[in-house]
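Here is the structure we will look at, set down as structure tokens.
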Amino acid sequence: MSRATTPVYSGAQIRDAETPLVEAGAGPDMMRRAAHGLASYVLALLRSDGKIYGARVLGLIGPGNNGGDGLYALTALRARGVDAQAVLVADRAHPQALEAFRAAGGRVLSSVPADTQVLIDAVLGTGARGAFTLPDVPGLAEAVGTSTVVACDIPSGVDADTGRCPGEALTAEHTVTFGGAKLGLLLGEGGLRSGKIHTVDIGLQEHLPEPAAWELISPEPTRRKPRLGDHKYSRGSLQVVAGSPQFPGAAQLTVGSAITSGVGMVRLQADATVSAAVLQGWPEAVMSHGRGAKAFDGATAAAIGPGLGKDRSRLVEGETMLRATVESKVPCVLDASGLELLRGDLLTSGDLGGQLILTPHLGEARRLAEALEDESLEELLADQPDTLAATRALAEALGATVLLKGPSTVVAGPSGGAPLVVRSATPGLATAGTGDVLTGIIGALLATADAAQEQDWVRIAAEGARMHAAAAQRLDPQGFGHFGASALIGALRE
Ligand SMILES: NC(=O)C1=CN([C@@H]2O[C@H](COP(=O)(O)OP(=O)(O)OC[C@H]3O[C@@H](n4cnc5c(N)ncnc54)[C@H](OP(=O)(O)O)[C@@H]3O)[C@@H](O)[C@H]2O)[C@@H](O)CC1
Ligand SMILES: [K+]
């Protein structure tokens, strides 16, 4: 993997890597490094907030090693003059860490002081099992609202493997995590509760296995740039089947975002009204008059689905085009109503090919699972979805690449390589039409790509999601959500 990506591990992978080191007696050293990393991070937060000496920090301490990390971090903070105290939420705490904390003058309180500036959540880490109930500590609920919550390793209540929260959970603005980023910090509800993630090296690196996933954090270096000598055909041409009289805007957004993402030519197959509307905004778009597979001649990729709605003739055109791409193995992105074309043999072949990229949101993925009559997949997509496992399972069942949209988008190929994750936690993206923009971006990337293998399609789809999220971030850094899908197109240029 390139440096554009960083590894992400399951909680179990991190624990398995730690076990032999703990058995060899390195546990205390690792805990000291973890605590030092956490204390340094909190000190930096306090410094940026004005002062360190006398600043009020409270550690919420659980019964295991996570609580031990918290207590050692409080001890280190005390050495720097921070007024760091603890509340023990269980009837026991890491004995050596508690002793060190007390020896440094730390006190165990029975409530959370109202003037707490930073609240360290060191209740549960990777040893959490089953549902969590928030501790009944006076002042805690208020402090959660007024102080900066920093999670030690992972917010308590979040499952480190999946991001699921089987019971209650704490929400952090920052998470200082040890040894490697955990899936639970990125995925599902965990992705909404972990805030900014900072990883501390505790000496595990060489003991870690292949990661369970990779996070794409900066532009994919393999993305094709125009070359001297290129012409409009050599730069790829994208065939779009989008829009219907009811949803002409979907075609505009798909075509416009494809053009803006950089492709030799974008051709649209649509009726006269939709074509006219698109041409007004995007005069460089080319209208293809052929019908069915004929319109597809010479295109290097296709984008099918946005805004076809329930329009029968448009859906038939979409299906003809989809079959043509699957048969010829030409890359294609399928979204929105296009996903409903996956019926009969298209649903059950199990071998559509990695070059076909499906981009469902959770609801669309659930409908696909239902159509597949796959109960275990439905279970993975239920109330608290396991988005990583679900994306992999859906990709495997259909034999296609699947990009499951959400606050963290997951992309998996059909034959089980490590999925890519893109954090797109920009709530402003939750508006009508932003999915059509993503389809256009991925279509353009597919049309211009020098791609041939499964992992290439996974990377292209993830790069599309990253560009989409980065555009939203540029447009709306404060997260007010004051933008629509068309504005996103204007913000695509990096
Ligand atoms: N291994 C290492 O050397 C290193 C580990 N490190 C750190 O240790 C953390 C892992 O520590 P850990 O294994 O002690 O587990 P931890 O998360 O503290 O919780 C276990 C305790 O919680 C309890 N409990 C469980 N579920 C519960 C629930 N739902 N609700 C309530 N209670 C529940 C459980 O009780 P039990 O089930 O045993 O009765 C047990 O007492 C890891 O995240 C990292 O921070 C780093 O310092 C690097 C070196
Ligand atoms: K924690």
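Glycine is no exception: its Cβ is also placed from the backbone N, Cα and C atoms.
TrEMBL labels come from automatic prediction, so no person has curated them.
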Site-mate of K405, G406, P407, S408, T409 for AMP in TrEMBL, selected among G433, G435, G440: G435
DSSP-derived structure type at K405 (AMP binding site), helix or strand or else coil: coil
Integer Å distance between the CA atoms belonging to D121 (K(+) binding site) and P407 (AMP binding site): 23
Distance, K405 (AMP binding site) to D153 ((6S)-NADPHX binding site) (CA atoms, angstrom): 26
Contacting binding-site residues, sequence order - G68, R129, P407, S408, T409, G435 vs ligand 2, Cβ under 6 Å: none
Filtered binding-site residues, from D121, H361, K405, G406, S408, T409, whose Cβ is under 6 Å from an atom of ligand 1: none
Span of the AMP site, taken as the largest CA to CA distance across K405, G406, P407, S408, T409, G435 (Å, rounded to a whole number): 14
